[in-house]
Structures are given as structure tokens and as C-alpha cells.
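Below is one structure, written out as C-alpha cells, with a few remarks after it.
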Amino acid sequence: TKNVSKCYLQVTGMTCASCVANIERNLRREDGIHSILVALMAGKAEVRYNPAVIHPSAIAELIRELGFGATVMENCGEGDGILDLVVRGMASASCVHKIESTLMKTNGVLYCSVALATNKAHVKYDPEIVGPRDVIQVIKDLGFTTTLVKKDRSASHLDHKREIRQWRRSFFVSLAFCIPVMVMMIYMMVMDSQLSDAHAHHNMSNEEMEAIHSSMLLERQLLPGLSVMNFLSFLLCVPVQIFGGWHFYIQAYKALKHKTANMDVLIVLATSIAFVYSFVILLVAMAEKAKVNPVTFFDTPPMLLAFISLGRWLEHVAKGKTSEALARLISLQATEATIVTLGPDNILLSEEQVDVELVQRGDVVKVVPGGKFPVDGRVIEGHSMVDESLITGEAMPVTKKPGNTVIAGSINQNGSLLISATHVGADTTLSQIVKLVEEAQTSKAPIQQFADKLSGYFVPFIVAVSVVTLFAWIIIGFVDFEIVEKYFLGYNKSISAAEVIIRFAFQASITVLCIACPCSLGLA
């Protein structure tokens, strides 16, 4: 047994436990293979083989012949066990050195570092040779007390309640102010279309049109240049901009600080510019006591923020649902295990209760009726029915006899079983499921990454386009003022031509910014 190497293979195409059994059974028969361990959820096989007889690539080929996909994994460090301990009773650096040197001499310990200030020890070991209990025993023999660093069993980091509350509030605030703005907008559109119909039929002069127009309630001027419509829109817009958009401002600020542009930057850019521009143009119109009401974009921010908040709210609700399921899954894990020592003929010599993190591969664990299986393993002795519905969804209990595999988290029903641990700690099926779901939670959907990446290019691009628009119109205006006059309706004849041109150019460039804010991209 001196000449044994270990390799890891990534195995694809396994659907259930029978696939695992199939691979294990067939490979055990081959020459040069000492043992094989397959983890279904992780899609990983760990093979111990004799390098003089067989190569990892040949082992992968054998698995492929059985109809599965298999590739050799290069980084074999995956199999290292990691242990974090709290060590009490260390007085000085010499204690630290004593612990470190003794552990490093221990067969199977690959790396260890002890911090005096925090009383913590971090140990890497080869689970084939030593286990966490051996490491703890070594430290205890040196005269220190040691305990495991307690892992946070609750899934608090997966709790989306705060975000859900925040986005829900944000959405309702925006919605409350967005509806009246929309109603006014629709009302104006309807009235405008009726007026233009009337105009088409009765050939009224423009002056009469203006008269009718200004007699409409919303177009009446409270102050010269300030219509009821614009005033109300402004009042409705302010709270949304502050309360509805608060979170976007924070996120956008953080993004800009890191010199990146994400969706939040765009949203903030569009809403702020629409708001500030509309506000400034209102002030200018009031200062000039304009007869014609300026075109404002106060309707943009409330509607935009309402839609986007709704999107974010729904997204977090969906994530929260998954997290709840995950938290329930995590709570299924057993916290303790009963480890037994067997004499010849499987006679029980002793048993002890230990933390489930301390169970080592190859340990014999006793599971009483009604108990949970703390680790994945194989039955050595005993017959029982086991409820595996949490993993397989199968309602009927499954019969287990010596040689069958059991899954951590499933519930033993009527007989007492002795099992030999095959997968412990983070390698158990349950831990793998939890890990996969967590990864799915933290990673963005590919399309979302694409949108963020796009907006990174989109922001500078749109800003550039609007700047080009600004200068283009200024140049056009100074070359040929007629064009600007044609498009810039209702400007005050008393203003100088230069001011008209600049004002029109600004209006055009702001319009580009407002309209081209890729809100649709963000919403989608």
C-alpha cells in the first residue's frame, strides 16, 4: 500500500445513487485501483490508485466507457481538510511555537498557523491520514484547552427581508406620486388631441387656439411662466426624487467612486438631469414671465423610479423565497453524532457524542431510531427503514441493509444502524446542495451581467452623444438661425438670438439624455 496516489475526477451525467453505485462497483474491479468515492451532488470522484499500474487519464476513460463524462481535475488540493480552532491557555509566543511545531510534525498535517492575539488556530490536513479529532487531541496533550470555532448555522446572510422592505417602501412612495403625474399627463394628451381636432375642423387662428389652451385648468398660470400642471408635477416629483431615489443615489455614488458606471448611475443620471433641467427651465420662465408654458420632464423621475423599484422589489422577493427554502434545508443538518469504537466481530467497545464537524472519514457512527444521519456513509451493521424524502422527494421509507449508502439529514425510522462515514463536513450531499443554492443566489444571471457591462459603455456613450448634440445645435444655430427658429416654438421674441440658440441646444441635449436613459434595459 506504500505506492498509492490520489486523483480527483469531475464526473458529469450522474442522475441518482444508482449511477454512483454503478461507477464505484465497476471501477473497484479494475487492476491498480484501491478505492473510489463518488459524490453525486458535487459531481466528483476521488480515486486512490497505484500509479505503476494505471494513470488518471485511463481511469477517466473507464468512467467514460460506462456512459458518463469524466475529466481529471488538476488541483488536487480540493481534498484537504481545513480546521479552525479556538485555543485557550496560551501565554506567550513560545506556546504558539510549541503548538505549531508539534502539529507540523504530526503525520498528515499540511499547514498550521496559530495566532496568539485572537487565540485561533488554522490547520490544513489530509483527511486520509488524520482527522479533526486527532488534531484536537494533539493540542490537548500539550496542555491547552481547545474548541471548534462555532459555525453560524443560521442562514442570516441569505435573509432578504431588509431589502424587500426597503424596495417595497421605495416602490409605494414612487407609485403614490407617479399616478397623479400620469393622470395629468394623459389628461393633457387627450385635451391636446381634441384641440388639434377642433383646429383641423374649424380653422381657428393660432391666437384663438392659445386662448383656449390657456383657459384649460392645468395650463392656467399661477404666476407668470408657472402653470398649474408644472407646479403640481414639481411638487409630486420632489419627494420621489428624495425618498424613492435615495438608494439609487447611494449605489451610484459608490459605483462612481470606483470609476465604474452601472445601472444605478444611469437611473440617477436620467432622473436628476430631467428634474434639475425642468426645475431650471421653470425658474427661467418665471423670471421672464413667459406667456407660453415651458416643456418640462417632471413626469420622468416618478414613473422611472416606480418601475425600477418594482423590478428590484420582485427580484428580492424571489431571492427571499429561495433563501427561506435554503434556511430550512440548513436546519435539517444534524448537530451531533455518536461515534462508536468497534472491537473484533463488530462488538461495541465505547461510544461518545461529538460535534458533527469532528466526524472523520472512516469513523463508525451509530444512528438510533428516530435520529438523523449526521454524515453520508455506508451501512456496516443493522437493518432499518429510512425517510430520505428531504433529498429524493420519495415519500416511502427506503430499506437499508449492510452495504447500502445513507444520506446526511435523512431520518432513521425503526432500527439502529452502524454506518461508516464516507463524506463528512462540506462534502455531504446536504452541504453540497446548500452550497450550490448559495452560489446560484450570489451569482448574477448572465443577462444581468451583460446589462451591467453594457451600461458601463452605454453611460459614457450617451453622455458623449448629448454633448455632441449640444455643440452641433450651437454651431447650426450660429450658421443658420432659421432652422432653430423653425423648431424652437414659442420662444420669447425679446431674447437675443444667441441665448435662443443656446437654450434650444441645451433642450435638445437634455432630451437626448432623458430619452436615451436605458431604463428599458434596467427594467428588463
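Glycine residues also receive a Cβ, built from the backbone N, Cα and C atoms like all the rest.
Here is what TrEMBL says about this protein:
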- 5-71: domain 'HMA' (DOMAIN)
- 81-147: domain 'HMA' (DOMAIN)
- 171-190: transmembrane segment (TRANSMEM)
- 222-244: transmembrane segment (TRANSMEM)
- 265-287: transmembrane segment (TRANSMEM)
- 457-479: transmembrane segment (TRANSMEM)
- 500-523: transmembrane segment (TRANSMEM)
Non-local residues, at least 6 beyond the ends, that sit with Cβ under 8 Å of the transmembrane segment (171-190): 218, 229, 232-233, 236-237, 239-240, 243-244, 298-299, 302-303, 305-306, 309-310, 313
Non-local residues, at least 6 beyond the ends, that sit with Cβ under 8 Å of the transmembrane segment (265-287): 223-226, 230, 233-234, 237, 241, 245, 248-249, 252, 255-256, 293-298, 300-301, 304-305, 308, 455, 458-459, 462-463, 503, 506-507, 510, 513-514, 517-519, 522
Segment-level pLDDT (mean, integer) for the domain 'HMA' (81-147): 87
